[in-house]
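Sequence annotations record features per position, and here Swiss-Prot assigns active site, proton acceptor to H374. What Swiss-Prot lists as UDP-N-acetyl-alpha-D-glucosamine binding site is 13-16, K27, Q84, 89-90, G151, E166, N181, N239, R344, K362, Y377, N388. The Mg(2+) binding site annotation in Swiss-Prot covers D114, N239. Annotation comment: Swiss-Prot describes A391, N397, Y398, S416, A434 as acetyl-CoA binding site, evidence class sequence analysis. The annotation region 'Pyrophosphorylase' is assigned in Swiss-Prot to 1-241 on the grounds of sequence analysis. The region 'Linker' annotation in Swiss-Prot covers 242-262. Annotation source Swiss-Prot lists region 'N-acetyltransferase' at 263-486, citing sequence analysis. Taken from Swiss-Prot, the feature region 'Disordered' covers 464-486.
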Amino acid sequence: MSASDSSSAVVVLAAGAGTRMKSDLQKTLHSIGGRSLISHSLHAAAGLNPTHIVAVIGHGRDQVGPAVEDVATHLGREVRIAIQEEQNGTGHAVQCAMDQLEGFDGTIIVTNGDVPLLTSDTLGSLLAAHTATPTAVTVLTMNLDDPTGYGRIVRNADGEVTAIVEQKDASDEERSITEVNSGVFAFDATILRSALSQLKSDNAQGELYLTDVLGIARSEGHPVRAHIAADARELAGVNDRVQLAEAGAELNRRTVEAAMRGGATIVDPATTWIDVEVTIGRDVLINPGTQLRGTTSIGDRAEIGPDTTLTNMVIGTGASVIRTHGSDSEIGEDATVGPFTYIRPGTKLGAEGKLGGFVETKKATIGRGSKVPHLTYVGDATIGEYSNIGASSVFVNYDGVNKNHTTIGSHVRTGSDTMFIAPVTVGDGAYSGAGTVIKDDVPPGALAVSGGRQRNIEGWVQKKRPGTAAADAAAAAQNSVPNQEG
């Protein structure tokens, strides 16, 4: 439901302790698919474009409050926060939320911060069903093959909801009902306010139950109805780590399927993990063991993996990234990366460039067509176009106190095992010999070499390491050399 609905508000309940998670992190802050549980719920709420969104927080509010504010910033809209000082039941939580909805008289949807699979479409269908006919409360329900543990929905002959009966209180006939309560509701705001003021805590838990609103509404002659969700999986709550993993797997299945239907080939969906904010172009090939995290963007016709993890990366059209771990960086069009490449934040590889095996980069800008083929560290550096960095080279950027910058020009060729002692600049078209330690700037077109002439000390092994295998091998080799005299 994308159009603005000025007559709706959404309340997200996220005040519980979530003790079954056995975590120092508040339950709704655990993540699947690159978002926290409460972020998923707030995104679903925002998809309705309601007048107000209210998050009710309590336990761990020092953690949850800033997280809600971050999501609101990401959504570009206000999310009001209500504090439930004492966790005294779902009815009390909604009472706390109503302070943020003073004067609002439309439809209030109440959902939970631990149902990450619930979509805006399903909330929209609930809202549409609720407003189609005058209704006090509409319960979002689901049909389950095994309803054990859930509150059963009891309807009358007209299809109205007469009761929600909990498992422990249900008769055998009621236990056979497969339609159950999801814990998500749509309320008429005026009726909800009145009913909330009448809630009592005369129950085994001594709490105020939101479900008691239904009985109050019916006792006053207001209709209570149910709307069955099309996909019960959306309403699966997360209460422990097992359910967190199950929800994550289901969300990933959806995300991977959407990518394939959008034109990407995913060789093995079972070993491919894609966060919900990842974007993937057409004719992309994703090989097994690939993880695409955060806001990663994959251009058309790129190939990713196998065994690759990319977080907040931008991959250009036609690029190939194989057996690579990369984050917060950009790979240009038709560039090649891997295998066994480590791309740290701030790397920008130009179009048609190459980062090869066992190369590590950090805060490095590498120009179009330039290559770093193997066994090299490039940190705090700028490399121009069409340059080649020899194997086993190191950009020595740290002097023990500061990180320093190296600048390599275009069309530069450096020999293997070159050390660049930053800060240093190598001009366009320059070369370096193998094993060179570059401490001073190299002018354009110059050849940089360091070190003296090679010196061989004859017979050193036999004198210093007599009796060793090396000495014996040397002696045998020397004795086999033909005598050139006479």
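Backbone N, Cα and C define each Cβ position, glycine as well.
On the structure: features taken from Swiss-Prot.
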| residue | record | CB count, 10 Å |
| --- | --- | --- |
| L13 | UDP-N-acetyl-alpha-D-glucosamine binding site | 28 |
| K27 | UDP-N-acetyl-alpha-D-glucosamine binding site | 25 |
| G89 | UDP-N-acetyl-alpha-D-glucosamine binding site | 21 |
| G151 | UDP-N-acetyl-alpha-D-glucosamine binding site | 22 |
| N181 | UDP-N-acetyl-alpha-D-glucosamine binding site | 23 |
| N239 | Mg(2+) binding site | 15 |
| A391 | acetyl-CoA binding site | 19 |
| N397 | acetyl-CoA binding site | 22 |
| Y398 | acetyl-CoA binding site | 12 |
| S416 | acetyl-CoA binding site | 17 |
Long-range neighbours of the region 'Linker' (242-262), counting only residues six or more past its ends (CB under 8 A): 21, 30, 32-33, 116-117, 233, 236, 269, 272-276, 278, 280, 282, 286
Cβ contacts within 10 Å for A434 (acetyl-CoA binding site), all chains included, total 14
CA pair A391 (acetyl-CoA binding site) / the residue listed as 'active site, proton acceptor', Å rounded to integer, equals 5
For the region 'Linker' (242-262), residues assigned helix / strand / coil by DSSP: 20 helix, 0 strand, 1 coil
Through the lens of DSSP with three states only, how would you label R344 (UDP-N-acetyl-alpha-D-glucosamine binding site)? coil
Just counting, how many other CB atoms are there within 10 A of the CB of A15 (UDP-N-acetyl-alpha-D-glucosamine binding site)? 28
For acetyl-CoA: widest Cα to Cα gap among A391, N397, Y398, S416, A434 in Å: 22
Nearest to G89 (UDP-N-acetyl-alpha-D-glucosamine binding site) by Cα, among N239, N397, S416, A434 (binding-site residues)? N239
Could you give the Cα-Cα distance between S416 (acetyl-CoA binding site) and D114 (Mg(2+) binding site), in whole Å? 55
